[in-house]
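What Swiss-Prot annotates here:
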type: CARBOHYD; residues: N87; note: N-linked glycosylation site
type: CARBOHYD; residues: N172; note: N-linked glycosylation site
type: CARBOHYD; residues: N240; note: N-linked glycosylation site
type: CARBOHYD; residues: N250; note: N-linked glycosylation site
type: CARBOHYD; residues: N299; note: N-linked glycosylation site
type: CARBOHYD; residues: N343; note: N-linked glycosylation site
type: CARBOHYD; residues: N412; note: N-linked glycosylation site
type: CARBOHYD; residues: N419; note: N-linked glycosylation site
type: CARBOHYD; residues: N436; note: N-linked glycosylation site
type: CARBOHYD; residues: N468; note: N-linked glycosylation site
type: CARBOHYD; residues: N509; note: N-linked glycosylation site
type: CARBOHYD; residues: N535; note: N-linked glycosylation site
type: SIGNAL; residues: 1-19; note: signal peptide
Amino acid sequence: MKYYLYLFLLFTFANLLYSCPTYPLPIKIDQNDPLLLKAYNDIDLLIQSKMKADGVKSFVATIVYMDKVVFSKAYGKLNYLDINSPNLTLDHNFRISSVTKVFTSLMMFKLRDQGIINSLDDDIRDYFPKFKIKSIFKKKEEKFITFRQLASHQSGLSRETPCHRNEFGTSNCTEKIILAKLSKQFLISKPTTLSHYSNLGYSLLGRTLGESLRMKRMKEQEPYEYWVTNNIFKPLGMNNTTFNYEDIINNTAPGLVNNNGKYSIPSMTKSGWNSPGGGVFSTARDMGKLLIHLLGMNNNSLDIRSPSYLKESTLNELFSPSNLLNDGSASYGMPFLHSYSTNNSLWILSKNGDLQGYVSNIAFVKPYKLGLFFSSLTSVSSSDVYTNAAIDILIPVYKKLLEQAAIDSVINSTTTSSNSTTTTTTTTTTTTTTTNNTMESIFISKIPHSLLIGIYTNDYGNKFLILNQTTYGDYLNRLLVSYNGASLVLNKFELDNEYPYIKRISFYNESIPTCRTIASGSNDELIYFTFKDINGTIIDFNNNNNNQNIDINNLFVYSVQIMGSLLFK
C-alpha cells in the first residue's frame, strides 16, 4: 500500500515543476550582489544596443525596487542637433504625454476617497452639467457616462478632442468651443460595451474632476492643474514636474522626429483644455519618486491625512483590470494596460505616451515591487520603450535572489530556534510554512504534521491524500497533498494559534491559461480538520479556552472538510 501511494504521489507531484507561477516575497536584498550588478549592466547594454538599432539619440531610464532607485541613467545629448549641447541628465525635463493619465486617475481615486465625488459610477453630468453629447441609445442609463467609464476607456466617446492638435491651448480650442462641438456629436458606442482608447475621455475626466472641486470648495481658475500640482507633485517632491512649459523651457530636452535618418525638432504645442490627457512635463528623477509612491512604499512615512496618502484598497483599484481586450491577453485598467508576460508568467502593468518626438513608458511588476520608467527623446516604434526586455532580464535574477534569501532566512531561524530550545516534547512540532507562497518565520504548531498524514475518503469516491513533508525549493517543509488527482501543498492558516484545525492548501497543477485568471499566482482554499480524543469525543477548539493544554498524544484525526466535501480518515 505504501509503495502504491509513493508511486501515485510521485506522479502527482511531478507537475509541481510545471505549476502555476508563484512569487517570492520582496524583501531588502544586497543591490551590490554580482547577479544584480550584471543584470543592471545587461540592461545598460540593451538600451545602448536598442538606441543604435532604432536611431534613438537621447534616452533616460529609471528602475525602482521597493523604495529605492536601483538603476538610473541618461544617454546622449540634451539636444542632438546642437554640436555644443551638454549631455542629457536625469534632471532635464521632457514631455511624458499620455503617461499624464496616471495623475488624472490618481486624482479621481483621491477625490472619491475624500467624498468630493460620491461614486466612480456617478454620471459625470451631475458634476459637469455643461457637457452634452448626442446618443442613438434610448434608455436613460445607456446615455450615462461615468467616471469609471472615462478612466477605463469605455465611455463610447471618440478618440480625440474635436480640435486640431496645433490648436490646443489657443483661442480656437477653448472649453466653450470644445463643448459646443461635442454637443452636436454622437457617442460612437454604448458606454461600457466597447474598449475604445480615448484621449478626449481622459481630458473630460480631468475637467469634470476639476468641476467637482469648483462646486464643492475650490475657486481656482484651473482646479485640475492646481489640485494635481499641490496634492501629487509637491507632496512627492516632484519639484521639476509641471503642466506649464514656460516654467521649464530652458531645462527641456527637445524631442526628435526621425524621418529616414533625418532628424528634426517639432514645434512644442500647448495642451490647454486637454492637459489631463497628456500635458505633464517631468524628469527621470521625479518619475522615480512616482514609481516608489505607486508601489505603496512611502505610505508608512505619510500621515493618513496627507494629500498624497493612498489607502491600500485604493492602490489595488488603481492597479486592477477593468475590461478584457479582444486579444484575450491584455486588458485596460484605470489607467494601466495589463499585459501577460509568458516569459515570466506574470502580468505587466504599463502606461505609455507618444507625442512630438517623445515616447515614454511607465511599467510595474507588482509581485516583485519593481517599477520602471523609460523615455526615448526620439520617435521610436517600440510602444513599451524597451521596458519589457529589461523586465525579462530583471525577473529571473530577482526571483533567484529572493528565493535564496527566503531559504537563508528559514535556515537562520531554524538555527536560532534550535539554539534557544532546550527541550522538545511530542506536543509541538517545528514547521516552516508559507502564506500566499512567501516564506515566513518558523512556527511552532499545536498539531504535528505526522497527525495529518494519511488517506481520507467518502462514499462519493472522493480521495484526499496527505503524504510527508517536502525537502526542496519553494515547497520546503510543507505537506504534499493530492485531492482527486490534483496536486496541492498544505500551508498553515494565518490564525493557526487560535484555529489549529484549519489549514490552507494551494493548487499547483493548473494550466498556464487557468493561472492567468488567478490574482497573485496561487489558487488557495481553506480546509477544516475534525479531531477526536481517545474516548471518541470530538474536540471543539472554538469552545476550548485553553486549547494549549490539549494532549496531542490522545488526539486522532476524524475527518476533513475540503471544498464542500466531508472525507473521513
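One-based numbering along the chain as shown.
Using the three backbone atoms N, Cα and C, a Cβ is placed for every residue, glycine included.
For the glycosylation sites N87, N240, N343, N535, the ranking by surrounding Cβ atoms (within 10 Å, all protein chains) places N240 first.
The Cβ of N172 (N-linked glycosylation site) has 12 other Cβ atoms within 10 Å, all protein chains considered. Among the glycosylation sites listed (N172, N240, N343, N535), N240 has its Cα nearest to the Cα of N250 (N-linked glycosylation site).
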